[in-house]
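Here the structure is laid out as structure tokens; the discussion comes afterwards.
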Amino acid sequence: MATPLRHDWSRTEVQALFDLPLPELLFRAQCAHREHFDPAEVQVSTLLSIKTGGCPEDCAYCPQAARYDTGLKAHKLLSVEEVTARASAAKAAGATRFCMGAAWRAPKDRDVEKVAELVRAVNALGLETCATLGMLSPEQAVTLKGAGLAYYNHNLDTAPEFYGEVIHTREYQDRLDTLDNVRAAGMKTCCGGIVGMGEDRGQRAGLLQTLANLPEHPQSVPINRLVQVQGTPLHGTAELDPIEFVRTIAVARILMPASMVRLSAGRESMSDELQALCFAAGANSIFYGEKLLTTGNPDTEKDLALFARLGLRPMPLVEESKTVHASIEAGDSVAA
Ligand code: SF4
């Protein structure tokens with residue numbers, strides 16, 4: 001029987017995991033991984049920006065914030081036809097989950113209605129759906145759930161005590177409230193953060209501790225490595241040691257063993273060797289083929305070559321749902 005999931009991690013315990021000798025940390029992460037997943041399987045999601053740029057928030061890492069001059073080309077909400085075409089291409093390339101991102105502080109109700117239409121169209125293709133639209137009210141969460149949205153992404157970004165260094169236009173509590181609304185509506189949460197923003201190890205531990213101590217572990221936990229974009233305040237931040245990134249993945253796997261731990265932003269600049277270490281540390285989800293929506297799918301081909309090199313395979317949708325849901329429910333009911 002799987003070890004019960006915990007929601008009572010102390011900062012000291014989490015920091016002690018970070019401080020383990022790397023082989024011991026990897027061993028513990030691999031044991032946790034195998035309790036819930038086949039370690040050869042990697043869940044594959046594709047992300048599409050359905051509304052880019054022009055965001056009024058001030059997240060210091062983000063090129064979509066209107067206040068930073070990053071040269072980003074903004075666009076309005078895409079049409080159902082455009083999104084359906086791109087979701088079909090993602091499915092043909094092997095994605096099982098399609099994530100739609102819109103750069104809003106919080107969507108208006110009429111925006112939510114439009115996204116609900118997109119969700120229905122993508123669901124009809126047989127893909128799982130995820131959306132990230134900013135802060136959601138309880139009613140908006142219910143509308144999206146009613147349209148069939150499976151996951152809602154809303155990241156905590158960093159530890160509570162470092163948050164004020166990165167974002168000033170919304171509170172940490174606002175994020176926790178949106179996650180509450182998503183869970184209350186019956187959707188699964190995708191929630192993680194970004195490392196390499198100048199935080200220290202204790203603050204990385206603080207992010208993971210906060211995630212693991214949520215009332216339910218997020219079913220997906222994206223761990224992003226800061227992509228430094230010229231024009232954003234965090235451009236020029238000292239690079240995070242890659243081994244520290246691997247440690248972060250391993251600790252996330254140990255704290256949230258039944259969740260998908262996703263290598264997200266920053267993966268395109270990682271070597272195959274670093275990604276291999278991340279998979280060995282318990283990462284089992286990626287964003288895939290980020291350029292597949294343009295031409296040639298070079299990213300997809302590179303990812304498939306990496307999978308072949310490492311003996312990994314994409315996780316089928318049905319099995320993924322069965323594994324995650326069964327183990328989370330079992331673990332949570334035991335813990336309760
Ligand atoms: S709310 Fe989202 S889109 Fe807006 S600046 Fe922050 S990260 Fe970027």
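Placement of Cβ uses the backbone N, Cα and C atoms for every residue, glycine included.
Bear in mind that TrEMBL entries carry predicted annotations, made automatically and left uncurated.
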Given that TrEMBL lists Cys99, Cys130, Cys190 as binding [2Fe-2S] cluster, which residue among Arg28, Arg262, Arg267 does it place in the same site?
Arg262
Kindly point out which of the binding-site residues Cys55, Cys99, Cys190, Arg262 have a C-beta less than 6 Å from some atom of ligand 1.
Cys55
Reduced DSSP assignment, Cys62 ([4Fe-4S] cluster binding site)
coil
Filtered by Cβ under 8 Å and at least 6 apart in sequence, the residues in the chain of Arg262 ([2Fe-2S] cluster binding site) near it are Gln43, Ser45, Cys190, Gly192, Ser220, Val221, Pro222, Ile223, Ala283, Ser285, Ile286, Phe287
Rounded inter-Cα distance in Å - Cys59 ([4Fe-4S] cluster binding site), Cys99 ([2Fe-2S] cluster binding site):
20
Taking just the CA atoms, what is the gap between Cys55 ([4Fe-4S] cluster binding site) and Cys130 ([2Fe-2S] cluster binding site) in Å?
20
In Å, rounded, how far does the Cα of Cys130 ([2Fe-2S] cluster binding site) sit from the Cα of Cys62 ([4Fe-4S] cluster binding site)?
20
